[in-house]
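Trainee: What follows is a structure written as structure tokens; I'll ask about it next.
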Amino acid sequence: MASQKKQLFKIIILGDSGVGKTSLMNQYVNARFTQQYRATVGADFMAKEVMIDDRMVTLQIWDTAGQERFQSLGGAFYRGADCCVLVYDITNPKSFDSLDSWRDEFLMQGQPKDPEHFPFVVLGNKLDKATERKVQESKSQQWCKSHGNIQFFEVSAKDATNIEQAFQDIAKAAASQEKDEEIFFPTTVTLTKQDPKKQTKQGGCC
């Protein structure tokens, strides 16, 4: 059997409504930000090619609705994910307090093969509003440390601060899972048609 590394990684972005999940994805994929807010209905995704360890892979980034009425749809979107990104708003303490429930929901509905070692990344968004900060960076770092040393970045979807670096680490975290999930393809089998003239007749009953 020959093995081939994965070329596509599924990234799930979770967090309360209004924390900027769609804006983060749009800034990373399209380098664009809009002030207009439109709540995501159900889920949506964008794709971007990125270089990881000298090879090109595609990140399929899923932006999911933060409203409770859509959370029952989570299982269908979460399964098969290679990394989960938890987002909160540094000016909104409630969105930070929700990180535990979002993490637990993903583990319950996404059912990753190895829950204890599944990669999460936490993003504290709206760093451009640092003067209105309500969640201290040290508090977020402590939360991440207590949940298995989760990677953490403070970012801004508006001015792109730390966006590229954060998603590069997200991509690497997703790729780290493929050691246990390599895709195997059988080696090529060549079929040779036998010349009928060279076939020997065999007696016997049907």
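Placed from the backbone N, Cα and C atoms, the Cβ positions cover glycine too.
Copied straight from Swiss-Prot:
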{"type": "BINDING", "residues": "15-22, 34-40, 63-67, 125-128, 157-158", "note": "GTP binding site"}
{"type": "LIPID", "residues": "Cys205", "note": "S-geranylgeranyl cysteine"}
{"type": "LIPID", "residues": "Cys206", "note": "S-geranylgeranyl cysteine"}
{"type": "MOD_RES", "residues": "Ser17", "note": "phosphoserine"}
{"type": "MOD_RES", "residues": "Ser23", "note": "phosphoserine"}
{"type": "MOD_RES", "residues": "Thr34", "note": "phosphothreonine"}
{"type": "MOD_RES", "residues": "Thr40", "note": "phosphothreonine"}
{"type": "MOD_RES", "residues": "Thr64", "note": "phosphothreonine"}
{"type": "MOD_RES", "residues": "Ser72", "note": "phosphoserine"}
{"type": "MOD_RES", "residues": "Tyr78", "note": "phosphotyrosine"}
{"type": "MOD_RES", "residues": "Tyr88", "note": "phosphotyrosine"}
{"type": "MOTIF", "residues": "37-45", "note": "motif 'Effector region'"}
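Help me picture these features in the structure, burial and contacts included.
Mentor: The DSSP secondary structure for Ser17 (phosphoserine) is coil.
Ser23 (phosphoserine) falls within a helix when secondary structure is assigned with DSSP.
Around Thr64 (GTP binding site), a 10 Å sphere centred on its CB holds 24 further CB atoms from the protein chains shown. The secondary structure of Thr64 (GTP binding site), as reduced to three states from DSSP, is extended strand.
The DSSP secondary structure for Tyr78 (phosphotyrosine) is helix. Listed in sequence order, Ile12, Cys84, Phe106, Gln109, Gly110, Gln111 are the same-chain residues six or more apart from Tyr78 (phosphotyrosine) with CB atoms under 8 A from its CB.
Neighbour list (Tyr88 (phosphotyrosine), Cβ cut-off 8 Å, at least 6 residues apart, same chain): Gly15, Asp16, Val19, Ser95, Phe96, Ser98, Leu99, Val122, Leu123, Gly124, Asn125, Val135, Ser140.
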Trainee: Can you tell which of the recorded positions Ser17, Thr64, Ala157 lies nearest to Ser23 (phosphoserine) in space, using Cα positions?
Mentor: Ala157
Trainee: Using DSSP and three states only, what is Ala157 (GTP binding site)?
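Mentor: Once the DSSP labels are grouped into three classes, Ala157 (GTP binding site) ends up as coil.
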Trainee: Run through the Cβ atoms and count how many others sit within 10 Å of the one on Gly15 (GTP binding site).
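Mentor: Excluding its own Cβ, Gly15 (GTP binding site) sees 25 Cβ atoms within 10 Å.
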